[in-house]
Amino acid sequence: MVWALGLMSGTSLDGVDAALIETDGVRIGRIGPSLTVPYSPELRGRTRELLDRAAGLAPDDAEVLAVTRELTLRHVDAVRLLREKAPGLEPAVIGFHGQTILHQPERGRSWQIGDARLLQDLCGVPVVHDFRSRDLENGGEGAPLVPVFHAALLHQEVRPVAVLNIGGVANVTVLGQQEPNGQRGVWACDTGPGNALLDDWALQHTGQPCDFGGALAASGAVHQDVLERLLAIPYFARPMPKSLDRLSFHPEAMACVRDLSAADGAATLASFTVEAVAGTTFPVRPEGWFVAGGGRHNPVLMDGLNHRLGNVASVDVLGWDGDALEAQCFGLLAMRFLRGLPSSWPGTTGVRQPCIAGRAV
């Protein structure tokens, strides 16, 4: 096994997560340290503006190029700081996801900005990037890619279980009952909104980047009629696998809640996230749910999930770092690329056949 360094900047647009894991691409050995380099308010704002306009932008747009460079330099900072934090754990490879500004699987397109060559040149470590393109080219959704990592972490768990990641978008990995030969089914999809709608609502009404501790949602009431309109969006009737962009049905959802008070809107949007998960049909019924991502810190979401699903806990009870999982995942995916191992399957992304993810610089 070798040390791999994974980098992830998610749809919450809060910064760059960097993490070290020891892996051969199949097994996970030691879990190294991790850290987050936050985006400045200015960089977050510029990135959000690109995200809002991405469908009409060209890769050589001046602002795209400028933000790409700034984001890449934040990733360089993250690598430098993590190497300083763990001087004896030198990475053999970096898995670089980049910042998603557009995800349109129905058009075969997913756009992550970031300069992999600049990152490799400044860090002096081989970089693997562009993890979604090949899956899309082979009929897949290009997301989610984390199931192979969840399966590796839970290789000793024999029950059917689910790992729910609540970032800007919520995605779930469902692992079937483990057979005596060690084989098990793996399925995945984006269930619906995670924190993105709540974050945008909180920013609009309180000036804060998120609903800290779920306080705003906890003080409000769910408007059932509005919730029913939100859940009638056609995406929720589609079978898995399926995936979303951060702004999928964003205007429609915000229009539904615009006349509500700040507290009631937050409560209704939180319930939207919960009900989208609870309403997703899986091939097997999970006996346990483990929640990762920023959403696990929101008591309103966690209480709602426990009420609807039962047996829901934070991944922290497993000893995992729920804020570093996706960064750790891209360390594993980079090693799988180097070994020629697939990272997506028909049950996880809808790809036609098992597919290797990534590309070397």
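Each Cβ is built from the backbone N, Cα and C atoms, and glycine gets one as well.
What Swiss-Prot records for this protein:
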type	residues	note
BINDING	Gly10, Thr11, Ser12, Leu13, Asp14, Gly15, Val16, Asp17	ATP binding site
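Feature map: annotations from Swiss-Prot on the structure.
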{"residue": "Gly10", "record": "ATP binding site", "contacts (Cβ under 8 Å, 6+ apart)": "Asp17, Thr100, Gly167, Gly168, Glu326"}
{"residue": "Thr11", "record": "ATP binding site", "contacts (Cβ under 8 Å, 6+ apart)": "Thr100, Gly167, Gly168, Val169, Gly194, Ala196, Arg246"}
{"residue": "Ser12", "record": "ATP binding site", "contacts (Cβ under 8 Å, 6+ apart)": "Gly167, Gly168, Gly194, Asn195, Ala196, Asp199, Cys210, Gly294"}
{"residue": "Leu13", "record": "ATP binding site", "contacts (Cβ under 8 Å, 6+ apart)": "Tyr39, Arg44, Thr47, Arg48, Leu51, Gln99, Gly168"}
{"residue": "Asp14", "record": "ATP binding site", "contacts (Cβ under 8 Å, 6+ apart)": "Thr36, Pro38, Tyr39, Arg44, Pro209, Gly294"}
{"residue": "Gly15", "record": "ATP binding site", "contacts (Cβ under 8 Å, 6+ apart)": "Ser9, Thr36, Val37, Pro38, Tyr39, Arg74"}
{"residue": "Val16", "record": "ATP binding site", "contacts (Cβ under 8 Å, 6+ apart)": "Leu7, Met8, Ser9, Thr36, Val37, Tyr39, Leu71, Arg74, His75, Asp77, Ala78"}
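DSSP assigns Asp17 (ATP binding site) to a strand in the three-state reduction. One way to see the shell of the ATP site is to take the Cβ centroid of Gly10, Thr11, Ser12, Leu13, Asp14, Gly15, Val16, Asp17; the remaining same-chain residues with a Cβ within 8 Å of it are Met8, Ser9, Tyr39, Gly167, Gly168. The Cβ neighbour count for Asp17 (ATP binding site), using a 10 Å radius and every protein chain shown, is 25.
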